Amino acid sequence: MPEVKVPELAESITEGTIAEWLKNLGDSVEKGEAILELETDKVNVEVVSEEAGVLSEQLASEGDTVEVGQAIAVIGEGSGNASKENSNDNTPQQNDETTNNKKEETTNKSADKAEVNQTNDDNQQRVNATPSARRYARENGVNLAEVSPKTNDVVRKEDIDKKQQAPASTQTTQQAPAKEEKKYNQYPTKPVIREKMSRRKKTAAKKLLEVSNNTAMLTTFNEVDMTNVMELRKRKKEQFMKDHDGTKLGFMSFFTKASVAALKKYPEVNAEIDGDDMITKQYYDIGVAVSTDDGLLVPFVRDCDKKNFAEIEAEIANLAVKAREKKLGLDDMVNGSFTITNGGIFGSMMSTPIINGNQAAILGMHSIITRPIAIDQDTIENRPMMYIALSYDHRIIDGKEAVGFLKTIKELIENPEDLLLES
């Protein structure tokens with residue numbers, strides 16, 4: 001019978017975690033239909049079946065780590081049903097065989113998983129629940145057998161919430177503290193919450209530590225007077241929206257264009273080390289950090305040197321929406337040359353951003369704060385000021401070049417007409 005294997009994803013991705021089975025055992029599967037969601041280091045991707053039939057075996061469970069090329073499901077012949085629970089009663093031999101196989105798999109799982117994902121001898125007694133409900137139940141330690149479905153005899157997430165909100169039975173009340181004490185006995189007097197890190201969070205933690213350990217990272221600072229760029233934006237924003245189908249003119253396009261100009265002037269900032277070689281990139285794919293519920297993601301705006309302000313703004317907006325809706329593809333997340341992060345949207349006045357992997361530097365933007373500035377010896381004016389930071393790999397970039405790069409950014413933002421002329 002045809003197997004479904006973890007597909008090739010990207011050069012830097014070798015494994016993933018099964019986030020959710022989108023199909024239950026016994027469900028009908030169409031050719032090209034997604035059967036599970038796989039969480040990778042960068043994005044979540046759906047794995048599809050290359051054959052039509054029935055999902056006859058799940059060779060891995062939600063939460064399991066699987067490698068590229070590994071078989072994770074078997075597609076059998078037949079039309080299938082809405083779920084395994086509604087399978088035909090006239091195939092007892094097949095049901096017994098499936099039950100025995102399921103028992104073997106269950107004995108190899110941890111006690112906690114077995115409690116939630118238990119399989120009875122009779123398939124008809126197996127709890128009918130949506131994949132997301134099974135995952136939610138496992139994360140919250142809820143036994144699905146104790147949950148009463150509201151509609152169609154299928155347990156859903158809201159049924160689990162209702163079960164948790166209901167007054168607990170005496171047995172449950174007595175059992176819960178014992179489990180808590182066993183799990184958190186190293187914190188006997190203080191309340192804590194322990195939860196498993198997501199794959200993306202674990203990967204981010206690992207890579208951030210690798211960058212800190214494997215680069216000679218240093219940060220230099222400067223400040224930018226935002227007066228001129230704010231006035232230009234105020235004058236042009238309405239006409240800009242009319243001319244470009246509602247696309248808004250923001251500050252990111254100015255900083256992106258300024259970064260491209262500075263990268264051309266200081267090409268070592270657009271480089272990376274590969275073994276004993278230094279690779280200087282001749283393209284300008286700028287990463288823009290986007291905050292999501294799953295953490296910080298860095299999709300890339302491609303060929304920024306060839307795009308105008310409107311195209312850059314539209315692409316940034318599109319990538320931000322895709323990131324928050326979890327629709328980013330792997331192509332959006334790899335092979336960038338430089339990154340910009342804006343901590344100012346969260347109120348950060350100053351920071352030392354960490355370099356993105358396979359890059360030599362990252363530009364940090366911050367809050368715009370009005371403060372008194374000495375214009376000359378006799379004049380002090382309140383000006384909208386922003387601190388900017390450049391974290392860089394000192395193995396590649398000397399201090400002189402780093403300071404010069406940041407000074408170029410400052411000069412271009414303070415004289416935005418020069419950016420418009422360059423574009």
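Just so you know, glycine gets a Cβ as well, placed from its N, Cα and C.
Confidence annotation: the domain 'Lipoyl-binding' (1-76) carries a mean pLDDT of 86 in the model. Residues or ranges marked as domain 'Lipoyl-binding' in Swiss-Prot: 1-76.
Under the DSSP three-state reduction, LYS42 (N6-lipoyllysine) is assigned to coil, being neither helix nor strand. Look at Swiss-Prot and you will find LYS42 tagged as N6-lipoyllysine, backed by sequence analysis.
Among the features that Swiss-Prot reports, region 'Disordered' is placed at 76-185.
The feature compositional bias 'Polar residues' is assigned by Swiss-Prot to 80-96 (among others).
Annotation source Swiss-Prot lists compositional bias 'Basic and acidic residues' at 99-115 (among others).
Taken from Swiss-Prot, the feature compositional bias 'Polar residues' applies to 116-131 (among others).
The domain 'Peripheral subunit-binding (PSBD)' annotation in Swiss-Prot covers 128-164.
For 153-164 (among others), the entry in Swiss-Prot reads compositional bias 'Basic and acidic residues'.
Residues or ranges marked as active site in Swiss-Prot: HIS394 (among others). Take the CB of HIS394 (active site) and look out to 10 A: across all protein chains shown you find 13 other CB atoms. The DSSP secondary structure for HIS394 (active site) is coil.
Per Swiss-Prot, active site is recorded for ASP398 (among others). Listed in sequence order, there are no same-chain residues at least 6 apart in sequence whose CB falls under 8 Å from the CB of ASP398 (active site).
If you measure from the Cα atom of LYS42 (N6-lipoyllysine) to that of HIS394 (active site), you get 27 Å. The Cβ neighbour count for LYS42 (N6-lipoyllysine), using a 10 Å radius over every protein chain in view, is 23.
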